[in-house]
Amino acid sequence: MMRAWHLGRLAGIDVRIHWTFLLVPLWVYFSSLAAGSGIASAALSVLFVLTIFACVLCHEYGHALMARYFGIPTRDITLLPIGGVASLQRMPRRPGQELAIALAGPAVNVGIAAVIFAGIVFLNPASGAVALFATQLAIVNVALVVFNMLPAFPMDGGRVLRSLLAMWMPYASATRIAATIGQITAMGFGLLGLITGNWILVLVAGFIFLAARGEAMMASKAAPSHELPFEQDSSSEVKARLMNHRGSYVPPRRSQPIVIMPIRFYNRNRSQHSA
């Protein structure tokens, strides 16, 4: 079976959907019915979830279009049951570029939330159901921003942290610090999930931990014997080697999950960004 289906092409970027994504609306629909909701209410719940993923797609386009601004093409954007991922063809060349690309996704969600809240205030929808739907969607977008901006790799906030650290230290060292914070954050999420019985949170914590550990291991293996900040050497060859060690968008081996919304996958076989 194909791992992902091609949905179409928008702004020169292929949009794909992983086959497991279909489990999300099915789970939402039947869970709503099991909770005593009617068919109409269950269908509305499915629509709400699909709308959230539309916001996730916009989030990924924020990353992809900002990357394009820096001359970095995006192979495709794939939607998964736990988020989405934009697959960049190569990593940014400078920490400032990575910073801008990382911030672009959450900025889109901020914009969506602002537009929705403004619409509610100024348009004053006559239908209470429409207002409730819109308000909840705006709140979800705010939650996505807060979650993604946690300074824990591999979330967007962790990439922001890594890019800021990389302005003052080697990328490998910056990656290890951000990944360590990510692992600590994941353990906190996992503990909270166990205490509250929220197994979805435990699953999310597991993905975050594995992604952060994988990035830390890769940074350790890839680090050159004499690490130098990227800007300290003007040799194109040395720059290329250091860029390959950044561990942000083109980790060379294996597949590894990464968070975006509420968690996204990070494919270590090719350069990708992310939630």
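One is the number of the first residue shown, and numbering goes on along the chain from there.
The backbone N, Cα and C atoms fix where each Cβ goes, and this holds for glycine too.
Quick look at what TrEMBL annotates:
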DOMAIN    48-125  domain 'Peptidase M50'
DOMAIN    131-187  domain 'Peptidase M50'
TRANSMEM  12-30  transmembrane segment
TRANSMEM  36-58  transmembrane segment
TRANSMEM  99-123  transmembrane segment
TRANSMEM  129-153  transmembrane segment
TRANSMEM  165-185  transmembrane segment
TRANSMEM  191-212  transmembrane segment
Notebook entry, point to check: Among 12-30, 129-153, 191-212, which stretch has the most Cβ pairs under 8 Å to the transmembrane segment (99-123)?
Noted result: 129-153
Notebook entry, point to check: When DSSP states are grouped into helix, strand and coil, how many residues of the domain 'Peptidase M50' (131-187) land in each?
Noted result: 45 helix, 0 strand, 12 coil
